[in-house]
Amino acid sequence: MLLLTRITYLLAFGLVAYASILSDILNAIENAVDCASCHALLGVLQGVALLGDTVFSSALVSVCKATGAEDDDVCQGLLTEQGPIIAHDLRSISVLGQTATKFCNAAIGLCQDPAVNAFTVPFPKPAPTNPKVFTSTGKPPFQVAHFSDAHIDRMYTAGSDSNCTKPICCRNFADQTGPVQVPAGPSGSLNCDTPTTLVQSMLRSVATQNAQFSIFTGDVVEAAVWLVDQTENTSDMQKFNNEMATLLNSPVFPAIGNHEAAPVNVFPRNTTNQGQVQWVFDTQSQGWNPFIGTAAASQVQHMSGSYSVNPAGTNLRIISLNTIYWYKDNFYLYDSDKFQPDPNGIIGFAVQQLQAAEDAGQRAWVIAHMPPSGGDALHDQSNYFDQVVQRYKNTIAGLFFGHTHRDEFAIAYSNYNNQTADTADGIAWIAPSLTPRQANPSFRLYDVDPDTYEIMDSRTFISDMSDPSFQTSPTWKQEYSARATYGPAIGGWPATQSLNAAFWHKVTEAFVSNDALFQTFNSLKTRGVQVSACTGDCKTTTICNLRALRAENNCVVATPGLNFRRGEEEIDTSQRGHVDHCEGTGVRTVFENIALKAQTMDSEVLRKRMEEAFIKSS
């Protein structure tokens, strides 16, 4: 009886203390309206982090569940995985320092990106005074396929609901009750990731295109980020490697995506004293060996997933980089106040390989998952990579990325303060996704000059989900040709000239004056599904971003992820919040939804729900 009394007393005491912690978190969230108050919020969270990972994660899970920010299993899975990493960060940094500002920008959206830290990338040699000239002799181009963001859901279930309450649907979730509203089709549905049938259909279609080789710019695993673990991700990578090996009839050169890790996005730096993703590099080193060879596979294993390879019969060096070390949602990047200009030596590896290509008289392609141009790229590393692009612009024939799930591009300039066709000197090809989560599944086919290795045309292929035959036998048809679509709009473009950076700058100039052309681009970017009109600031910002391979020059402005109060405006509690197209629902989305829902709930009801969540977790 005495023992029971003591347990009851301790539980009651713990409940009061825990309720106080949760109340402090919610109050800090409600008061977080700008960058300064975001730092104050981090101070509160830091105090909780000092109590240990379990308390920190349980507190976030309890607040998430009590507010109904996401379904209980999503709250539990996502925050139990990511919570210890955030707690580790907060215990390792000053909540008033630059690292904290970067975290507030990435995870909460209440701080703008800080100014770039000055750093000059070291190069082994200066640029040659008389660089080698790569001239086309007019030979017929060869073809290269580019596919990205497969996000294969091996638990996709045809007939399950594609309109569910989870971040992705088309699975038989245990807590989903009631009749199915929109049955998932056998070949794929919106709001869902890629079924096995669809990815195999795409690979078979690529095999019919007579491609000399393919590039895959990352993200094998689906976006059920609250459920993934090392075992599942390893299996998913192995299965896709096997499918590429058996269904394609030519080599493929892949890159590491942020979804390959579990928890999602998190690639610890070499200086981090917890967590590891060597299993990702080991898995892909083994699985990619048949495509890239033993030497490059060893680089994957020992260079954090990056490698370099010379495809047989070419004078081309393909350099695959793991750019997730420059990704804002990689929370391990915020665990030190000591500035690290080149996490895990990725930029140094690029320099080394580009110098080797220059010395050998080769052209180079750089492939990676996340482009350094977007709002989710850290400005520091984007700036330093742009220095590399400028130094080796004569060697680099193309840059290829995925991640955004959009059909788009980004231009590099020798002078970002004077953006013209003459100063445009680098072009990034950003491929649309295979996953039909937001749009029709797609891949690209490039026509490549065999002398210069520059892109003569880019053709996007889609499988139209509205086609009655899609669910029984997806067909892949060319959606458009970049040369045919945009060439006439800029007064024509010589057939012997590649679609280089100058071409694409002229296209952006045409977007300014020719709104119909821009709206065509906007529709193609989203592959014709759920297309929203893009005018005014949307159009201006879009064009600005296309002209910004260096992220500090884009027009992405951080938007608040927590406090949505705008005077007396009505709050829309059905709003889904910010969703990173690549990640799906992540920590920022959860934080947004917590704030959004908490503002509309009775405080006493909310308190009781948090107590219940604590008792259940205890």
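Glycine is no exception: its Cβ is also placed from the backbone N, Cα and C atoms.
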Please name the cysteine among Cys64, Cys104 that TrEMBL pairs with Cys75 through a disulfide bond.
-> Cys64
Near Asp219 (Zn(2+) 1 binding site), which recorded positions out of Cys169, Cys170, Cys192, Asn258 have their CA within 10 Å?
-> Asn258
Please name which of the recorded positions listed here, Asp149, His151, Cys192, His405, Cys538, is nearest in space to Cys169 (disulfide bond), Cα against Cα.
-> Cys192
Return the single residue from the disulfide-bonded residues list (Cys64, Cys164, Cys169, Cys538) that has the minimum number of other CB atoms within 10 Å.
-> Cys538
Listed in sequence order, the residues of the same chain lying six or more positions from His369 (Zn(2+) 2 binding site) whose CB sits under 8 Å from its CB are Ser148, Thr217, Gly218, Asp219, Ala255, Ile256, Gly257, Asn258, Asn322, Thr323, Ile324, Phe401, Gly402, His403
Quick one: pull the CA-CA distance for Cys75 (disulfide bond) versus His151 (Zn(2+) 1 binding site), whole Å only.
-> 21
Rounded mean pLDDT within the domain 'Calcineurin-like phosphoesterase' (143-406) lands at 97
